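*Asks:* One structure, as structure tokens, below. Some questions next.
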Amino acid sequence: MPFGLKLRRTRRYNVLSKNCFVTRIRLLDSNVIECTLSVESTGQECLEAVAQRLELRETHYFGLWFLSKSQQARWVELEKPLKKHLDKFANEPLLFFGVMFYVPNVSRLQQEATRYQYYLQVKKDVLEGRLRCSLEQVIRLAGLAVQADFGDYNQFDSQEFLREYVLFPMDLAMEEAALEELTQKVAQEHKAHSGILPAEAELMYINEVERLDGFGQEIFPVKDSHGNSVHLGIFFMGIFVRNRVGRQAVIYRWNDIGSVTHSKAAILLELIDKEETALFHTDDIENAKYISRLFTTRHKFYKQNKICTEQSNSPPPIRRQPTWSRSSLPRQQPYILPPMHVQCSEHYSETHTSQDSIFPGNEEALYCRSHNSLDLNYLNGTVTNGSVCSVHSVNSLSCSQSFIQASPVSSNLSIPGSDIMRADYIPSHRHSTIIVPSYRPTPDYETVMRQMKRGLMHADSQSRSLRNLNIINTHAYNQPEELVYSQPEMRERHPYTVPYAHQGCYGHKLVSPSDQMNPQNCAMPIKPGASSISHTVSTPELANMQLQGAQHYSTAHMLKNYLFRPPPPYPRPRPATSTPDLASHRHKYVSGSSPDLVTRKVQLSVKTFQEDSSPVVHQSLQEVSEPLTATKHHGGGGGTVNKRHSLEVMNSMVRGMEAMTLKSLNIPMARRNTLREQGPSEETGGHEVHGLPQYHHKKTFSDATMLIHSSESEEEEETLEAAPQVPVLREKVEYSAQLQAALARIPNRPPPEYPGPRKSVSNGALRQDQGTPLPAMARCRVLRHGPSKALSVSRAEQLAVNGASLGPSISEPDLTSVKERVKKEPVKERPVSEMFSLEDSIIEREMMIRNLEKQKMTGPQAQKRPLMLAALNGLSVARVSGREDGHHDATRVPIDERLRALKKKLEDGMVFTEYEQIPNKKANGVFSTATLPENAERSRIREVVPYEENRVELIPTKENNTGYINASHIKVVVGGSEWHYIATQGPLPHTCHDFWQMVWEQGVNVIAMVTAEEEGGRTKSHRYWPKLGSKHSSATYGKFKVTTKFRTDSGCYATTGLKVKHLLSGQERTVWHLQYTDWPHHGCPEDVQGFLSYLEEIQSVRRHTNSVLEGIRTRHPPIVVHCSAGVGRTGVVILSELMIYCLEHNEKVEVPTMLRFLREQRMFMIQTIAQYKFVYQVLVQFLQNSRLI
């Protein structure tokens, strides 16, 4: 041969060497094994060989992966020949064994060996830095790992071996001294876990890792259909998409995905419910093929094994059931009740103890969670908004139930109690969108009484979670000294030294779950004879009774003893402190949308009953229904009124009463006491009549008249007693069992509207149809001394008179359903119940009477109309006489003087001069964090940034290592009351997760948005909450999932209920979103009264949320106010509310001084002279409304 090559001539063919190959597999404990396979062997065969060596039976959770030629981790296709696959794609024939399919709960893993390998995998994920965790979590995990790997600390003479053991993630670069300090902390953590078995420590380690961000996720860089670079990820719940800065934009659940395919370099996600396809682009075709194949494999696995694929309109919380005992842990753990005696229909086999868990859950496991409620609940069963935690995991499901019942708390804010109590009710997230907020509807007595008539369930088969459903055990009654006031405020004025005192320090302390669930905060015994909270609900109010031996029962105590204990009686009477139901159905806007919001927490506790709570309902309805028979009018002789009068007779009496009252306007009206009488009333003479006070508020305890207790008499008679100068309405009656049965059929319907222009009513004023303000209440002076008993108007008479025009605010679909139900009901069932819903013909007749009397009134008679309206609405004012009154009269500035001063400034142009003299920002302001280059894109307008000393600081994250958000703390003290706001810009598309992080960390419950999403064709604020009616009505922003529960449009503003869930901890919170939508693109709103109604809605919701949080937090959380840049309209809202507070409480009104003070906390507050002038217009309108009171 010319080249000197030698050919072998043995002619032997090595068959064995051609048909077999050896591959190496690195295990999770870093050991490497070799496996001899044939060239035709698949990856599945190799995996089974590895599992045989590890004694694994549950191999379907694991897989094999390799490093590609581009050093990317790639999973082996188990069904294809392994050698061919590795030769084509792998960098070297080295495989890695690992967990391919993560699970949301380690309890799914049945085998001990499986759990051990799973533990090795999650520990490897932590140590390699694939999961983000804080130093505290690193120490805790390291301590558990040492306990799992080495056992108890006392087996070693010292902890020196820890220096050679890998304890911390690879990316945790630290100095030697800091590393030594961390090692010592790990040694202490290891010592604290002494006595825990290694297997238990492994499970505890896994449980801790499951809460970390990024657990079980694989992420691939792709581009969306718009060409934006995003991360396409996959985990056990589905497929998610987030942008490069980390904000999670959307999650596609496994049940929503039809298929995953690829077309060249594009990946297509075909959705089932929507006729659309999500499209993503990769770098090359092979990448797209691999990702689509991987996603298809995961999709098939999780759907076949029914993991995170339950039917739900929103991603459910991950519920974990620990399979080990935590009794040896040194840290306090949330109290978890074991699943005992759970009986459920075969539709669902999972029991949720979450208060919002009314949707079917997983079909294969029984999970229990104690703190996944919409509102915070205590360990002893008391919840902060006046309810008792419904612990469904213990005896709370009967065999007849086919769905998970909700707690009496309005956790699902959009589902009324009447629907939940129906046996055929199927929860639907999508159909709950038209329901009004939880603080507006009233208890459905018809349903409650109907169930009560069917009889009580046996004690052993009842749900014990609601047996201690008593008003005394709610949070409202845990603090009986608190008063809830309506607008205008009537509370005592606090002494003050400085008009606007600035809070210098801004401490940001996060509320830990242990703080939120501290049972000591709610274990407040109720003393006999303590003051009660006043009831103010839309239907006849829940009357109080004398407190007799009240005892504080907790849910945990009741569950422990399995005893039925009836609730204690209601506390002793107290005057109402809110004006109930002055809001008619809205057409354009309602000024003061919900006056009865402030005490709605009391109503919520009797709103959504289970069958075993009927004794409470029975006791309440006995008191509620008494005034229904107490209708009288002045001018007729004493007669007997049968309690089973028809509707027409009672309505004629009502109209007669009103007509006689109108005719007697020339007679001065005496005082009406607002306190209910404890015993038989005795009429004495000497009603001294006093004139009306000046146009300013007297600080009294009540603006509404409460119910009157009936006597114990068996007589069904009503005696008419007339005072010389006053139309008297009195009653001394008891009703029979027949009437109670009739009351049980009362349909709790809101009254229909007038067929003409709708009236809009505020807490402070009623407006005529023409738009001119009408007085809503008049104040009569009441004597403290004197033996005479007071006169009172019952609530039934108020409802009869006001029923046509003054009803609860409901949504239009609800009104339609009410009308349909009216048509279906037979005429013979109309007595008494129709008091709550007058028919159209009666409404027309009453309108005619009102119009005729209105035309007759002239001169001095017209001036007395405010007093008449107050009387017809059952309103009176008890002004306490004495030295205190003299002091207030001497110091109070009449409303007319303040009104003239404000108008004079507007007319003389002094407002412009004031505004020009106020500096735009603080002279020596520091903006060090805001001006950092990495934070420049986080501000909408780079010239508008927060001061360093009072900026809102977020907990730093990997994406936001400075914790920056363009938001400022605004703290003002006026008259001894501290006001705390957070003024911020509207979130940008890439800062929505920062916004929700701020809301969560600052404990915010109310968000006031003073802009539309788009104005004049320009985007004013990115939408940072999900639209109602969209798929799932929920969206995920970083670590937070936001779900829209309801939306109520009130003309110039919209009220939205949101549920915010922290994905890592599973905790949830209710957030009210109030959006003002009538601000024009240029200028200011023309409808000043509408803007006032928006401010009143903010006040109402604030009072509601603060009352819910009483006892949990020492200070009320701030309100987030934002517009586009967070300075112009935001400043208008804050300044207007503060100045209105000054007017209400007779504080000195200095608008320019307050604005200067606000600008020292956030620059450019109120950007234009038009906005500054608008604040004055709001104050003028407020005073004009107040003049009529």
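Cβ coordinates come from backbone N, Cα and C, glycine included.
Pasting the feature list from Swiss-Prot:
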- 21-306: domain 'FERM' (DOMAIN)
- Ser314: phosphoserine (MOD_RES)
- Ser461: phosphoserine (MOD_RES)
- Ser486: phosphoserine (MOD_RES)
- Ser591: phosphoserine (MOD_RES)
- Ser593: phosphoserine (MOD_RES)
- Ser594: phosphoserine (MOD_RES)
- Ser646: phosphoserine (MOD_RES)
- 744-775: region 'Disordered' (REGION)
- 760-771: compositional bias 'Polar residues' (COMPBIAS)
- Ser833: phosphoserine (MOD_RES)
- 911-1182: domain 'Tyrosine-protein phosphatase' (DOMAIN)
- Cys1123, Ser1124, Ala1125, Gly1126, Val1127, Gly1128, Arg1129, Gln1167: substrate binding site (BINDING)
- Cys1123: active site, phosphocysteine intermediate (ACT_SITE)
*Asks:* Residues near the substrate site, Cys1123, Ser1124, Ala1125, Gly1126, Val1127, Gly1128, Arg1129, Gln1167 excluded, by Cβ within 8 Å of the Cβ center?
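*Replies:* Surrounding the site, in chain order, are Val944, Gln985, Val1010, Thr1011, His1122, Thr1130, Gly1131, Phe1164.
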*Asks:* Measure between the Cα atoms of every pair in Cys1123, Ser1124, Ala1125, Gly1126, Val1127, Gly1128, Arg1129, Gln1167, the residues the record assigns to substrate, and report the largest value in Å, rounded to a whole number.
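*Replies:* That value is 12 Å for the farthest Cα pair.
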*Asks:* Restricting to the chain of Gln1167 (substrate binding site) and a gap of 6 or more, list residues whose Cβ falls under 8 Å of its Cβ, or answer none.
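*Replies:* Once residues fewer than 6 apart are set aside, Gln1167 (substrate binding site) is near Ala1125, Val1127, Gly1128, Gly1131.
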*Asks:* Would you mind listing, in sequence order, the residues at least six apart from Ser1124 (substrate binding site) in the same chain with a Cβ closer than 8 Å to its Cβ?
*Replies:* Arg940, Gln985, Gly986, Thr1011, Lys1020, Ser1021
*Asks:* When DSSP states are folded down to helix, strand and coil, where does Ala1125 (substrate binding site) land?
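*Replies:* SS state of Ala1125 (substrate binding site) = coil.
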*Asks:* Could you list the residues of the same chain, at least six apart in sequence, whose Cβ is under 8 A from the Cβ of Gly1126 (substrate binding site)?
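*Replies:* Correct list: Val944, Asn966, Ala967, Ser968, Ala983, Thr984, Gln985, Gly986, Arg1162.
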*Asks:* What is the Cβ neighbour count of Arg1129 (substrate binding site) at a 10 Å cut-off, with all protein chains included?
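*Replies:* Result for Arg1129 (substrate binding site): 26 other Cβ atoms within 10 Å.
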*Asks:* Within a 10 Å radius around the Cβ, which one of these binding-site residues has the most neighbouring Cβ atoms: Ala1125, Val1127?
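*Replies:* Per the Cβ count within 10 Å, the most buried is Val1127.
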*Asks:* When you measure from the Cβ of Cys1123 (substrate binding site), which residues in the chain that are at least 6 apart have a Cβ under 8 Å away?
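*Replies:* Expected: Gln985, Gly986, Met1009, Val1010, Thr1011, Lys1020, Ser1021, Arg1129, Thr1130.
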